[in-house]
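Novice: Can you read through this structure? Questions will come right after.
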Amino acid sequence: MVWEVKTNQMPNAVQKLLLVMDKRAPGMSDSLELLQCNENLPSSPGYNSCDEHMELDDLPELQAVQSDPTQSAIYQLSSDVSHQEYPRSSWSQNTSDIPENTHREDEVDWLTELANIATSPQSPLMQCSFYNRSSPVHIIATSKSLHSYARPPPVSSSSKSGPAFPHDHWKEETPVRHERANSESESGIFCMSSLSDDDDLGWCNSWPSTIWHCFLKGTRLCFHKESNKEWQDVEDFARAASCDNEEEIQMGTHKGYGSDGLKLLSHEESVSFGESVLKLTFDPGTVEDGLLTVECKLDHPFYVKNKGWSSFYPSLTVVQHGIPCCEIHIGDVCLPPGHPDAINFDDSGVFDTFKSYDFTPMDSSAVYVLSSMARQRRASLSCGGGPGTGQEFSGSEFSKSCGSPGSSQLSSSSLYAKAVKSHSSGTVSATSPNKCKRPMNAFMLFAKKYRVEYTQMYPGKDNRAISVILGDRWKKMKNEERRMYTLEAKALAEEQKRLNPDCWKRKRTNSGSQQH
């Protein structure tokens, strides 16, 4: 028995394939290579069989049917249905002689063919609106896309949305693009993207975009060579720099400023507009250009020459921007996007640590654990304590890639010293468990960040009074503002539990025994 396939035109519905008997004349030429169906099918439920052939029971299972050897088969599909061609020589005229295992294989082929039809671009199922929308999906970024901030702009591709402010040659600002969906397969760092984006737009939207040079939105600039030395927002400066004629005289001295990178000369933490900021001084490398002082956020990331991504507060940077960083030090050269020395981003050892771990944007704060392990290990070794077995996880690799322990630290290094002392207690507990301490909670992390600032604001108050003020501010904060500290505290707690599970049990046991 042979089946001819036709399609009924059904308005506003998916077209159904109806099986009808082939009544072609048996004398039709066999030389034509036709579309054929090489499967035996039972009668369709509720469909009257042809009188020329035997009627079959209305059963759900497929059964072998005796076919008339005088008839040939046609498998006809309308132009809007996907299909495949099979040579006529492969068609068996006597289907009853096909063994049972062959029928099973043909069943799979038949189901595959139906799946191909249903999922083809011409299928009405695939033409529904919910298949055409641009829905964000998780895709894995390659190691080369991790440093999209430092990648040179694409040469052959024409961007749909150009840079906000034009610059010259490779120095021009790099726009933020979506990561290509067909090139991600290696790294475990995840980002959000859309499959409908252009292949040429190969930038990940989870990385920050610079406004001018290597500075993000919200940074304030002060050029020492200017007579007035006024502070100006980086957005206003970049907007003025884009005016070729009007501001040519004023901005001429800053054209190409720091094109080979900005060398960090000094840094301090200060308060600006009621917010704790970093005040950094850079040297552009040329005497005629003069020095530059900037005020930026504590979590501002920088791409450092021969080092990779760096930050003064790696824990804050990874939570805020999703970028795992080394610690930046005096003497580091911060490069602008697209700099030739910034294209060798695969040499940045910091990302080698994360290649075998899958972190989604929701738990990106877990990467903080790895970034803090270098400080824990250095603090443990400097104090004379041996590194714990659990601490060998990846701290040594991270420490090697992020510089020597003797490098310069922040002016607020006392904060780090306290934090490291608390964090490194888990390492010391590998040899002396009684010294194990619980990690800091969200409020403690918040207080650690702002205690120096509030001490400077209220010089006459002692530490306890400062804690009360910090507590009042913490209560007034919104949940969105607390989230960063909550994620960081959660990551610390999970790592402490992993390294010292018995320490947590012992704490509860001791507290219970003291109550009795």
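Sequential numbering from 1, following the chain as shown.
Cβ coordinates come from backbone N, Cα and C, glycine included.
On a predicted model such as this, the values are computed, not experimentally measured, just so you know.
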Novice: Of 84-116, 150-182, which span is tagged region 'Disordered' by Swiss-Prot?
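Specialist: In Swiss-Prot, the region 'Disordered' feature sits at 150-182.
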Novice: Mind checking how the DNA-binding region (436-504) divides into helix, strand and coil residues in DSSP?
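Specialist: Each residue of the DNA-binding region (436-504) counted once, the result is 55 helix, 0 strand, 14 coil.
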Novice: What is the average pLDDT across the domain 'AXH' (203-345)?
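Specialist: So the average pLDDT across the domain 'AXH' (203-345) works out to 79.
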